[in-house]
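As recorded in TrEMBL:
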TRANSMEM  43-63  transmembrane segment
TRANSMEM  75-101  transmembrane segment
TRANSMEM  122-142  transmembrane segment
TRANSMEM  162-180  transmembrane segment
TRANSMEM  192-213  transmembrane segment
TRANSMEM  219-242  transmembrane segment
TRANSMEM  263-281  transmembrane segment
TRANSMEM  301-324  transmembrane segment
TRANSMEM  345-365  transmembrane segment
TRANSMEM  385-405  transmembrane segment
TRANSMEM  417-438  transmembrane segment
TRANSMEM  444-469  transmembrane segment
Amino acid sequence: MEEALLPVPMPVKEERRGERWRWRWRERMRSWKAEMNEEGRKLGYLAGPMVAVSLSQFMIQVASNMIVGHLGKLALSSAAVATSLTSVTGFSLLLGMASGLETLCGQAFGAQQYHNLGTQTYRAIFTLLIVCLPISLIWASMANILSFIGQDPLISYEAGRYAVWMIPSLFAYAVGQPLIKFLQAQSLIFPMLFTSVATLCIHIPLCYVMVYFSGLGNVGAALSISISYWLNVVMLGLYIRYSASCEMTRSPITREAFRGINEFLRMALPSAVMICLEWWSFELLILLSGLLPNPEVETSVLSICLTSITLLFTIPYGFGAAVSTRVSNELGAGNPERARSTVHVVMFIAVAEAACVSATLLASHRILGYAYSNDEEVVSYVSKLVPLVCISVITDGLQGVLSGIARGCGWQHVGAFVNLGSFYLIGIPTAVTLGFFLHMGGRGLWIGIVCGSVCQSTLLSLITSFTNWQQMANKARERVFNEKAAVENDLT
(Lines of atoms letter the chains of each structure in order from A and count residues from 1; the text may use other names and numbers.)
(Lines give C-alpha, C1' and ligand atoms only; values in the text may rest on other atoms or scores of the structure.)
Protein backbone atom coordinates (compact mmCIF):
# COMPACT_ATOMS: atom_id res chain seq x y z
CA MET A 1 0.00 0.00 0.00
CA GLU A 2 1.44 3.32 -1.10
CA GLU A 3 2.23 5.78 1.58
CA ALA A 4 0.11 8.92 1.60
CA LEU A 5 1.96 12.09 0.71
CA LEU A 6 2.71 14.00 3.83
CA PRO A 7 1.70 17.68 3.83
CA VAL A 8 4.53 20.17 3.63
CA PRO A 9 5.04 21.66 7.06
CA MET A 10 3.99 25.31 7.39
CA PRO A 11 7.50 26.57 8.22
CA VAL A 12 8.75 25.19 4.90
CA LYS A 13 5.94 26.91 3.01
CA GLU A 14 6.70 30.18 4.77
CA GLU A 15 10.40 29.82 3.95
CA ARG A 16 9.68 29.25 0.25
CA ARG A 17 7.27 32.20 0.20
CA GLY A 18 9.93 34.34 1.85
CA GLU A 19 12.52 33.29 -0.73
CA ARG A 20 10.18 34.20 -3.58
CA TRP A 21 9.44 37.58 -1.96
CA ARG A 22 13.17 38.31 -1.49
CA TRP A 23 13.88 37.29 -5.09
CA ARG A 24 11.15 39.62 -6.40
CA TRP A 25 12.41 42.42 -4.18
CA ARG A 26 15.98 41.99 -5.47
CA GLU A 27 14.73 42.01 -9.07
CA ARG A 28 12.71 45.15 -8.47
CA MET A 29 15.65 46.88 -6.80
CA ARG A 30 17.97 45.82 -9.63
CA SER A 31 15.50 47.17 -12.20
CA TRP A 32 15.00 50.38 -10.19
CA LYS A 33 18.75 50.97 -9.87
CA ALA A 34 19.28 50.40 -13.59
CA GLU A 35 16.49 52.82 -14.42
CA MET A 36 17.81 55.43 -11.98
CA ASN A 37 21.35 55.10 -13.33
CA GLU A 38 20.15 55.50 -16.89
CA GLU A 39 18.05 58.54 -16.01
CA GLY A 40 20.90 60.00 -13.98
CA ARG A 41 23.23 59.74 -16.99
CA LYS A 42 20.68 61.47 -19.21
CA LEU A 43 20.19 64.27 -16.71
CA GLY A 44 23.93 64.66 -16.21
CA TYR A 45 24.47 64.82 -19.97
CA LEU A 46 22.03 67.73 -20.13
CA ALA A 47 22.65 69.46 -16.81
CA GLY A 48 26.45 69.68 -16.84
CA PRO A 49 26.72 71.67 -20.08
CA MET A 50 23.65 73.76 -19.16
CA VAL A 51 25.38 74.86 -15.95
CA ALA A 52 28.35 76.01 -18.03
CA VAL A 53 26.02 77.76 -20.51
CA SER A 54 24.17 79.70 -17.81
CA LEU A 55 27.43 80.52 -16.01
CA SER A 56 29.00 81.82 -19.24
CA GLN A 57 26.00 84.03 -19.94
CA PHE A 58 26.02 85.36 -16.38
CA MET A 59 29.76 86.08 -16.51
CA ILE A 60 29.36 88.39 -19.53
CA GLN A 61 27.60 90.94 -17.32
CA VAL A 62 29.92 90.30 -14.35
CA ALA A 63 33.09 90.63 -16.43
CA SER A 64 31.81 93.87 -17.93
CA ASN A 65 31.20 95.38 -14.49
CA MET A 66 34.62 94.24 -13.30
CA ILE A 67 36.34 95.92 -16.24
CA VAL A 68 34.29 99.10 -15.84
CA GLY A 69 35.04 99.15 -12.10
CA HIS A 70 38.64 100.22 -12.73
CA LEU A 71 37.42 103.47 -14.31
CA GLY A 72 36.22 104.76 -10.93
CA LYS A 73 33.29 104.77 -8.54
CA LEU A 74 30.96 106.74 -10.82
CA ALA A 75 31.50 104.42 -13.77
CA LEU A 76 31.01 101.31 -11.62
CA SER A 77 27.94 102.56 -9.76
CA SER A 78 26.22 103.77 -12.94
CA ALA A 79 26.96 100.50 -14.76
CA ALA A 80 25.69 98.50 -11.76
CA VAL A 81 22.46 100.53 -11.60
CA ALA A 82 21.91 100.21 -15.35
CA THR A 83 22.66 96.47 -15.29
CA SER A 84 20.18 95.92 -12.48
CA LEU A 85 17.39 97.94 -14.10
CA THR A 86 17.89 96.47 -17.59
CA SER A 87 17.72 92.99 -16.06
CA VAL A 88 14.52 93.79 -14.19
CA THR A 89 12.72 95.63 -16.99
CA GLY A 90 13.96 93.66 -19.97
CA PHE A 91 16.04 90.51 -19.75
CA SER A 92 13.97 88.86 -17.00
CA LEU A 93 10.77 89.36 -19.00
CA LEU A 94 12.25 88.00 -22.24
CA LEU A 95 13.81 85.01 -20.47
CA GLY A 96 10.49 84.23 -18.82
CA MET A 97 8.51 84.44 -22.04
CA ALA A 98 11.05 82.35 -23.95
CA SER A 99 10.80 79.68 -21.24
CA GLY A 100 7.29 78.94 -22.49
CA LEU A 101 9.04 77.13 -25.35
CA GLU A 102 10.38 74.58 -22.88
CA THR A 103 6.83 73.26 -22.68
CA LEU A 104 5.76 73.73 -26.30
CA CYS A 105 8.94 72.63 -28.07
CA GLY A 106 9.85 69.94 -25.54
CA GLN A 107 6.47 68.21 -25.72
CA ALA A 108 6.30 68.56 -29.51
CA PHE A 109 9.72 66.91 -29.83
CA GLY A 110 8.65 64.07 -27.54
CA ALA A 111 5.51 63.55 -29.65
CA GLN A 112 7.69 63.49 -32.81
CA GLN A 113 5.90 66.53 -34.24
CA TYR A 114 9.22 67.95 -35.34
CA HIS A 115 7.92 70.70 -37.62
CA ASN A 116 6.22 72.30 -34.60
CA LEU A 117 9.57 73.19 -33.06
CA GLY A 118 10.53 75.55 -35.87
CA THR A 119 7.05 77.06 -36.02
CA GLN A 120 6.89 77.70 -32.27
CA THR A 121 10.39 79.19 -32.29
CA TYR A 122 9.53 81.66 -35.06
CA ARG A 123 6.41 82.68 -33.13
CA ALA A 124 8.45 83.26 -30.01
CA ILE A 125 11.07 85.36 -31.83
CA PHE A 126 8.41 87.48 -33.52
CA THR A 127 6.52 88.02 -30.26
CA LEU A 128 9.63 88.84 -28.24
CA LEU A 129 10.85 91.34 -30.84
CA ILE A 130 7.51 93.15 -30.56
CA VAL A 131 7.85 93.18 -26.77
CA CYS A 132 11.31 94.74 -27.15
CA LEU A 133 9.87 97.93 -28.66
CA PRO A 134 8.24 99.36 -25.49
CA ILE A 135 11.12 98.07 -23.37
CA SER A 136 13.64 99.93 -25.54
CA LEU A 137 11.66 103.14 -25.00
CA ILE A 138 11.93 102.61 -21.24
CA TRP A 139 15.67 102.08 -21.53
CA ALA A 140 16.04 105.19 -23.69
CA SER A 141 14.33 107.17 -20.91
CA MET A 142 16.32 105.56 -18.10
CA ALA A 143 18.18 108.76 -17.15
CA ASN A 144 14.95 110.71 -16.73
CA ILE A 145 13.33 107.87 -14.78
CA LEU A 146 16.25 107.64 -12.35
CA SER A 147 16.31 111.41 -11.84
CA PHE A 148 12.56 111.40 -11.22
CA ILE A 149 12.84 108.81 -8.42
CA GLY A 150 15.59 110.82 -6.72
CA GLN A 151 18.82 109.16 -7.86
CA ASP A 152 22.05 111.15 -8.02
CA PRO A 153 22.05 113.27 -11.24
CA LEU A 154 25.50 112.10 -12.37
CA ILE A 155 24.70 108.43 -11.76
CA SER A 156 21.33 108.88 -13.52
CA TYR A 157 22.97 110.43 -16.58
CA GLU A 158 25.72 107.79 -16.88
CA ALA A 159 23.32 104.91 -16.20
CA GLY A 160 20.98 106.31 -18.86
CA ARG A 161 23.80 106.38 -21.43
CA TYR A 162 24.75 102.82 -20.50
CA ALA A 163 21.15 101.62 -20.91
CA VAL A 164 20.84 103.25 -24.36
CA TRP A 165 23.91 101.38 -25.60
CA MET A 166 22.42 98.17 -24.20
CA ILE A 167 19.33 98.40 -26.44
CA PRO A 168 20.88 96.34 -29.30
CA SER A 169 21.58 93.55 -26.80
CA LEU A 170 17.87 93.48 -25.92
CA PHE A 171 16.90 92.54 -29.48
CA ALA A 172 19.73 90.00 -29.64
CA TYR A 173 18.43 88.43 -26.44
CA ALA A 174 14.93 88.26 -27.94
CA VAL A 175 16.29 86.17 -30.81
CA GLY A 176 18.90 84.19 -28.89
CA GLN A 177 16.75 82.84 -26.07
CA PRO A 178 14.19 81.13 -28.37
CA LEU A 179 17.07 79.59 -30.33
CA ILE A 180 18.51 78.24 -27.07
CA LYS A 181 15.15 76.74 -26.07
CA PHE A 182 14.82 75.25 -29.58
CA LEU A 183 18.12 73.39 -29.16
CA GLN A 184 17.47 72.53 -25.51
CA ALA A 185 14.20 70.78 -26.39
CA GLN A 186 16.18 68.44 -28.67
CA SER A 187 18.93 67.85 -26.08
CA LEU A 188 21.42 69.56 -28.41
CA ILE A 189 23.36 71.05 -25.51
CA PHE A 190 26.95 71.07 -26.74
CA PRO A 191 26.39 73.60 -29.55
CA MET A 192 25.04 76.01 -26.91
CA LEU A 193 28.03 75.24 -24.69
CA PHE A 194 30.49 75.98 -27.48
CA THR A 195 28.84 79.22 -28.58
CA SER A 196 28.36 80.58 -25.04
CA VAL A 197 31.94 79.84 -23.96
CA ALA A 198 33.31 81.19 -27.25
CA THR A 199 31.22 84.34 -26.82
CA LEU A 200 32.56 84.86 -23.29
CA CYS A 201 36.15 84.35 -24.42
CA ILE A 202 35.69 86.93 -27.18
CA HIS A 203 33.74 89.32 -24.97
CA ILE A 204 36.38 89.85 -22.27
CA PRO A 205 39.15 91.26 -24.54
CA LEU A 206 36.55 93.04 -26.67
CA CYS A 207 35.10 94.75 -23.61
CA TYR A 208 38.55 95.80 -22.41
CA VAL A 209 39.38 97.34 -25.79
CA MET A 210 36.01 99.10 -26.05
CA VAL A 211 36.30 100.56 -22.54
CA TYR A 212 39.95 101.66 -22.50
CA PHE A 213 41.02 102.17 -26.12
CA SER A 214 37.92 103.32 -28.03
CA GLY A 215 37.27 106.46 -26.02
CA LEU A 216 33.76 105.27 -25.11
CA GLY A 217 34.51 104.68 -21.43
CA ASN A 218 31.91 102.74 -19.48
CA VAL A 219 29.40 102.69 -22.34
CA GLY A 220 31.98 100.68 -24.27
CA ALA A 221 31.11 97.79 -21.96
CA ALA A 222 27.43 98.10 -22.90
CA LEU A 223 28.31 98.14 -26.61
CA SER A 224 30.56 95.10 -26.19
CA ILE A 225 27.70 93.23 -24.50
CA SER A 226 25.46 94.04 -27.47
CA ILE A 227 28.11 92.84 -29.94
CA SER A 228 28.71 89.65 -27.96
CA TYR A 229 25.01 88.81 -27.73
CA TRP A 230 24.57 89.25 -31.47
CA LEU A 231 27.69 87.15 -32.10
CA ASN A 232 26.14 84.34 -30.07
CA VAL A 233 22.91 84.64 -32.07
CA VAL A 234 24.81 84.41 -35.36
CA MET A 235 26.71 81.30 -34.25
CA LEU A 236 23.54 79.58 -33.02
CA GLY A 237 21.70 80.52 -36.21
CA LEU A 238 24.46 79.13 -38.42
CA TYR A 239 24.48 75.87 -36.50
CA ILE A 240 20.71 75.47 -36.76
CA ARG A 241 20.76 76.35 -40.46
CA TYR A 242 23.53 73.99 -41.54
CA SER A 243 23.69 71.20 -38.94
CA ALA A 244 22.27 67.80 -39.85
CA SER A 245 21.08 67.47 -36.24
CA CYS A 246 18.39 70.10 -36.90
CA GLU A 247 17.37 68.78 -40.32
CA MET A 248 13.97 67.50 -39.16
CA THR A 249 13.12 70.39 -36.85
CA ARG A 250 14.16 73.50 -38.77
CA SER A 251 11.60 74.92 -41.14
CA PRO A 252 11.24 77.94 -43.43
CA ILE A 253 9.36 81.01 -42.29
CA THR A 254 5.73 80.73 -43.43
CA ARG A 255 2.40 82.32 -42.54
CA GLU A 256 1.84 79.37 -40.22
CA ALA A 257 4.49 80.80 -37.88
CA PHE A 258 2.42 83.94 -37.29
CA ARG A 259 -0.80 82.06 -36.52
CA GLY A 260 -1.49 80.64 -33.11
CA ILE A 261 0.47 83.32 -31.26
CA ASN A 262 -2.22 83.11 -28.56
CA GLU A 263 -1.14 79.52 -27.90
CA PHE A 264 2.42 80.70 -27.32
CA LEU A 265 1.27 83.56 -25.09
CA ARG A 266 -0.78 81.16 -22.96
CA MET A 267 2.50 79.52 -21.96
CA ALA A 268 4.82 82.52 -22.26
CA LEU A 269 2.98 85.02 -20.07
CA PRO A 270 2.54 82.77 -16.98
CA SER A 271 6.14 81.63 -17.42
CA ALA A 272 7.30 85.25 -17.50
CA VAL A 273 5.23 86.11 -14.42
CA MET A 274 6.61 83.06 -12.61
CA ILE A 275 10.24 84.02 -13.26
CA CYS A 276 9.87 87.80 -12.92
CA LEU A 277 8.04 87.72 -9.59
CA GLU A 278 10.92 85.87 -7.95
CA TRP A 279 13.65 87.84 -9.75
CA TRP A 280 12.09 91.19 -8.85
CA SER A 281 11.67 90.26 -5.19
CA PHE A 282 15.44 89.95 -4.75
CA GLU A 283 16.07 93.22 -6.60
CA LEU A 284 13.48 94.87 -4.35
CA LEU A 285 15.46 93.57 -1.38
CA ILE A 286 18.52 95.57 -2.53
CA LEU A 287 16.41 98.71 -2.98
CA LEU A 288 14.96 98.32 0.53
CA SER A 289 18.44 97.95 1.99
CA GLY A 290 19.23 101.45 0.75
CA LEU A 291 16.56 102.81 3.11
CA LEU A 292 18.14 101.27 6.22
CA PRO A 293 20.48 103.08 8.62
CA ASN A 294 24.08 102.85 7.34
CA PRO A 295 22.85 102.11 3.79
CA GLU A 296 26.34 101.79 2.25
CA VAL A 297 27.22 98.77 4.40
CA GLU A 298 23.74 97.22 4.25
CA THR A 299 23.51 97.52 0.47
CA SER A 300 27.07 96.25 -0.04
CA VAL A 301 26.51 93.20 2.17
CA LEU A 302 23.15 92.24 0.65
CA SER A 303 24.59 92.76 -2.85
CA ILE A 304 27.43 90.38 -1.99
CA CYS A 305 24.98 87.78 -0.68
CA LEU A 306 22.74 88.18 -3.75
CA THR A 307 25.69 87.88 -6.14
CA SER A 308 26.83 84.72 -4.34
CA ILE A 309 23.49 82.93 -4.51
CA THR A 310 23.00 84.06 -8.13
CA LEU A 311 26.34 82.50 -9.03
CA LEU A 312 25.53 79.30 -7.14
CA PHE A 313 22.04 79.18 -8.67
CA THR A 314 23.59 78.32 -12.05
CA ILE A 315 23.90 74.71 -10.79
CA PRO A 316 20.22 74.07 -9.95
CA TYR A 317 19.25 76.14 -12.99
CA GLY A 318 21.18 73.68 -15.15
CA PHE A 319 19.39 70.74 -13.54
CA GLY A 320 16.08 72.62 -13.88
CA ALA A 321 16.68 73.02 -17.61
CA ALA A 322 17.62 69.35 -17.88
CA VAL A 323 14.54 68.07 -16.04
CA SER A 324 12.32 70.44 -18.01
CA THR A 325 13.62 68.89 -21.23
CA ARG A 326 13.35 65.30 -20.01
CA VAL A 327 9.86 65.72 -18.50
CA SER A 328 8.45 67.58 -21.50
CA ASN A 329 9.91 65.02 -23.93
CA GLU A 330 8.52 62.05 -22.00
CA LEU A 331 5.08 63.61 -21.51
CA GLY A 332 4.92 64.48 -25.20
CA ALA A 333 5.87 60.89 -26.03
CA GLY A 334 3.10 59.60 -23.74
CA ASN A 335 5.44 58.09 -21.14
CA PRO A 336 4.18 59.37 -17.76
CA GLU A 337 6.08 56.77 -15.73
CA ARG A 338 9.39 57.80 -17.28
CA ALA A 339 8.56 61.42 -16.48
CA ARG A 340 7.86 60.42 -12.87
CA SER A 341 11.18 58.54 -12.67
CA THR A 342 12.99 61.60 -14.00
CA VAL A 343 11.46 63.72 -11.25
CA HIS A 344 12.50 61.23 -8.55
CA VAL A 345 16.10 61.15 -9.76
CA VAL A 346 16.49 64.90 -10.18
CA MET A 347 15.01 65.62 -6.74
CA PHE A 348 17.53 63.26 -5.16
CA ILE A 349 20.33 65.04 -7.03
CA ALA A 350 18.94 68.46 -6.07
CA VAL A 351 18.88 67.62 -2.36
CA ALA A 352 22.44 66.23 -2.48
CA GLU A 353 23.72 69.26 -4.43
CA ALA A 354 22.06 71.76 -2.10
CA ALA A 355 23.47 70.00 0.97
CA CYS A 356 27.03 69.90 -0.42
CA VAL A 357 27.06 73.51 -1.63
CA SER A 358 25.51 74.92 1.54
CA ALA A 359 27.94 72.95 3.73
CA THR A 360 30.90 74.26 1.73
CA LEU A 361 29.58 77.80 1.95
CA LEU A 362 29.05 77.51 5.70
CA ALA A 363 32.57 76.20 6.19
CA SER A 364 33.99 79.23 4.36
CA HIS A 365 31.80 81.84 6.08
CA ARG A 366 34.75 83.67 7.63
CA ILE A 367 36.53 84.26 4.31
CA LEU A 368 33.63 84.68 1.86
CA GLY A 369 33.45 88.45 2.30
CA TYR A 370 37.11 88.90 1.32
CA ALA A 371 36.26 87.75 -2.20
CA TYR A 372 34.30 90.98 -2.63
CA SER A 373 35.69 93.53 -0.17
CA ASN A 374 38.61 94.36 2.13
CA ASP A 375 36.41 96.34 4.51
CA GLU A 376 36.43 94.49 7.85
CA GLU A 377 32.93 95.69 8.75
CA VAL A 378 31.52 94.34 5.49
CA VAL A 379 33.41 91.04 5.82
CA SER A 380 32.21 90.54 9.40
CA TYR A 381 28.60 91.31 8.44
CA VAL A 382 28.74 88.87 5.51
CA SER A 383 30.07 86.18 7.87
CA LYS A 384 27.02 86.64 10.13
CA LEU A 385 24.60 86.38 7.18
CA VAL A 386 26.17 83.25 5.64
CA PRO A 387 23.99 80.78 7.67
CA LEU A 388 20.90 82.50 6.25
CA VAL A 389 22.45 82.47 2.78
CA CYS A 390 22.97 78.70 3.18
CA ILE A 391 19.24 78.28 3.75
CA SER A 392 18.64 80.31 0.58
CA VAL A 393 21.04 78.03 -1.30
CA ILE A 394 19.05 74.98 -0.18
CA THR A 395 15.66 76.46 -1.07
CA ASP A 396 16.96 77.84 -4.37
CA GLY A 397 18.45 74.46 -5.20
CA LEU A 398 15.07 72.83 -4.72
CA GLN A 399 12.92 75.49 -6.38
CA GLY A 400 15.24 75.73 -9.39
CA VAL A 401 14.58 72.06 -10.13
CA LEU A 402 10.89 72.23 -9.17
CA SER A 403 10.39 75.22 -11.48
CA GLY A 404 11.97 73.19 -14.28
CA ILE A 405 9.45 70.42 -13.61
CA ALA A 406 6.66 73.01 -13.78
CA ARG A 407 7.88 74.26 -17.16
CA GLY A 408 8.17 70.71 -18.47
CA CYS A 409 4.61 69.91 -17.41
CA GLY A 410 3.14 73.21 -18.58
CA TRP A 411 1.68 74.43 -15.28
CA GLN A 412 3.56 77.73 -15.17
CA HIS A 413 0.32 79.47 -14.20
CA VAL A 414 0.33 77.49 -10.94
CA GLY A 415 3.96 78.44 -10.36
CA ALA A 416 3.09 82.10 -10.94
CA PHE A 417 0.47 82.03 -8.18
CA VAL A 418 2.89 80.21 -5.88
CA ASN A 419 5.58 82.85 -6.41
CA LEU A 420 3.09 85.69 -5.99
CA GLY A 421 1.88 84.35 -2.66
CA SER A 422 5.29 83.23 -1.41
CA PHE A 423 7.25 86.41 -2.08
CA TYR A 424 4.68 89.22 -2.08
CA LEU A 425 2.26 88.00 0.57
CA ILE A 426 4.83 86.38 2.86
CA GLY A 427 8.45 87.14 1.90
CA ILE A 428 8.50 90.91 1.28
CA PRO A 429 6.01 91.83 4.09
CA THR A 430 8.03 89.72 6.54
CA ALA A 431 11.25 91.34 5.34
CA VAL A 432 9.85 94.85 5.82
CA THR A 433 8.48 93.99 9.26
CA LEU A 434 11.73 92.47 10.50
CA GLY A 435 14.06 94.91 8.79
CA PHE A 436 12.33 98.18 9.63
CA PHE A 437 9.77 97.74 12.40
CA LEU A 438 11.78 95.26 14.49
CA HIS A 439 15.05 97.04 13.60
CA MET A 440 16.87 93.89 12.47
CA GLY A 441 18.35 95.65 9.44
CA GLY A 442 19.70 93.67 6.51
CA ARG A 443 19.53 90.44 8.51
CA GLY A 444 15.79 90.95 8.92
CA LEU A 445 15.36 91.64 5.21
CA TRP A 446 17.16 88.42 4.32
CA ILE A 447 15.17 86.39 6.88
CA GLY A 448 12.00 87.66 5.22
CA ILE A 449 13.08 86.59 1.75
CA VAL A 450 14.16 83.21 3.17
CA CYS A 451 10.63 82.76 4.55
CA GLY A 452 9.28 83.41 1.06
CA SER A 453 11.72 80.92 -0.48
CA VAL A 454 10.85 78.22 2.05
CA CYS A 455 7.14 78.73 1.37
CA GLN A 456 7.75 78.59 -2.38
CA SER A 457 9.79 75.37 -2.23
CA THR A 458 7.26 73.72 0.10
CA LEU A 459 4.27 74.54 -2.11
CA LEU A 460 6.03 73.48 -5.33
CA SER A 461 7.11 70.22 -3.65
CA LEU A 462 3.55 69.46 -2.58
CA ILE A 463 2.16 70.23 -6.03
CA THR A 464 4.78 68.01 -7.66
CA SER A 465 4.12 65.18 -5.18
CA PHE A 466 0.41 65.13 -6.00
CA THR A 467 0.80 65.52 -9.76
CA ASN A 468 -1.22 63.07 -11.87
CA TRP A 469 1.41 62.15 -14.46
CA GLN A 470 -0.98 60.26 -16.71
CA GLN A 471 -3.18 63.35 -16.87
CA MET A 472 -0.13 65.50 -17.63
CA ALA A 473 0.81 63.18 -20.50
CA ASN A 474 -2.73 63.30 -21.89
CA LYS A 475 -2.75 67.10 -21.76
CA ALA A 476 0.66 67.30 -23.42
CA ARG A 477 -0.35 65.13 -26.36
CA GLU A 478 -3.68 66.92 -26.65
CA ARG A 479 -1.85 70.25 -26.79
CA VAL A 480 0.59 69.04 -29.46
CA PHE A 481 -1.94 67.34 -31.71
CA ASN A 482 -4.49 70.15 -31.42
CA GLU A 483 -1.76 72.41 -32.77
CA LYS A 484 -1.17 69.98 -35.63
CA ALA A 485 -4.90 69.83 -36.46
CA ALA A 486 -5.17 73.63 -36.40
CA VAL A 487 -2.25 73.96 -38.81
CA GLU A 488 -3.71 71.37 -41.20
CA ASN A 489 -7.07 73.19 -41.19
CA ASP A 490 -5.34 76.48 -41.98
CA LEU A 491 -3.45 74.90 -44.86
CA THR A 492 -6.61 73.40 -46.37
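Each position is counted from 1, following the chain as shown.
Just so it is clear, glycine is given a Cβ too, placed from its N, Cα and C backbone atoms.
It should be emphasised that the depicted structure is a prediction, and the values quoted were computed from it without experimental measurement.
Contact count against the transmembrane segment (75-101) (Cβ pairs under 8 Å) is highest for 263-281, out of 192-213, 263-281, 301-324, 345-365, 417-438. Cβ atoms under 8 Å from those of the transmembrane segment (219-242) belong to residues 60-61, 64-65, 67-68, 79, 82, 161-169, 172-173, 175-176, 179-180, 182-183, 191-192, 194-196, 198-200, 202-203, 206-207, 209-212, 250 of the same chain, restricted to positions at least 6 beyond its ends. If you look at the transmembrane segment (444-469) against the transmembrane segment (385-405), you find at least three C-beta pairs under 8 angstroms, all six or more positions apart, and that counts as contact. Between the transmembrane segment (417-438) and the transmembrane segment (345-365) there are fewer than 3 Cβ pairs closer than 8 Å, counting only pairs 6 or more residues apart in sequence, which means the two stretches are not in contact. If one looks beyond the transmembrane segment (122-142) by at least 6 residues along the same chain, the residues whose Cβ comes under 8 Å of a Cβ in the stretch are 82, 85-86, 89-90, 93-94, 97-98, 100-101, 156, 159-160, 163-164, 166-167, 170-171, 174-175, 177-179, 181, 251, 253, 257-258, 260-261, 264-265, 268.
Across 43-63, 192-213, 263-281, 345-365, 385-405, stretch 385-405 shows the highest tally of CB pairs under 8 A with the transmembrane segment (301-324). Sequence-distant residue pairs (6 or more apart) of the transmembrane segment (345-365) and the transmembrane segment (263-281) include fewer than 3 whose Cβ atoms are under 8 Å, leaving the two stretches without contact.
For the transmembrane segment (162-180), same-chain residues at least 6 beyond its ends with a Cβ under 8 Å from one of its own Cβ atoms are 53, 78-79, 82-83, 85-86, 90-91, 94-95, 98, 101, 121, 124-125, 128-129, 131-132, 135-136, 139-140, 142-143, 192, 218-219, 221-223, 225-226, 229-230, 232-233, 236-237, 240. Of the ranges 43-63, 263-281, 385-405, the one with the most Cβ pairs under 8 Å to the transmembrane segment (192-213) is 43-63.
Counting same-chain residues at least six beyond the ends of the transmembrane segment (263-281), those with a Cβ under 8 angstroms from any Cβ of the stretch are 87-88, 92-93, 95-104, 120, 123-124, 127, 399, 403, 406-407, 410, 412-413, 415-416, 419-420, 423-424, 427-428, 449, 452, 456, 483.
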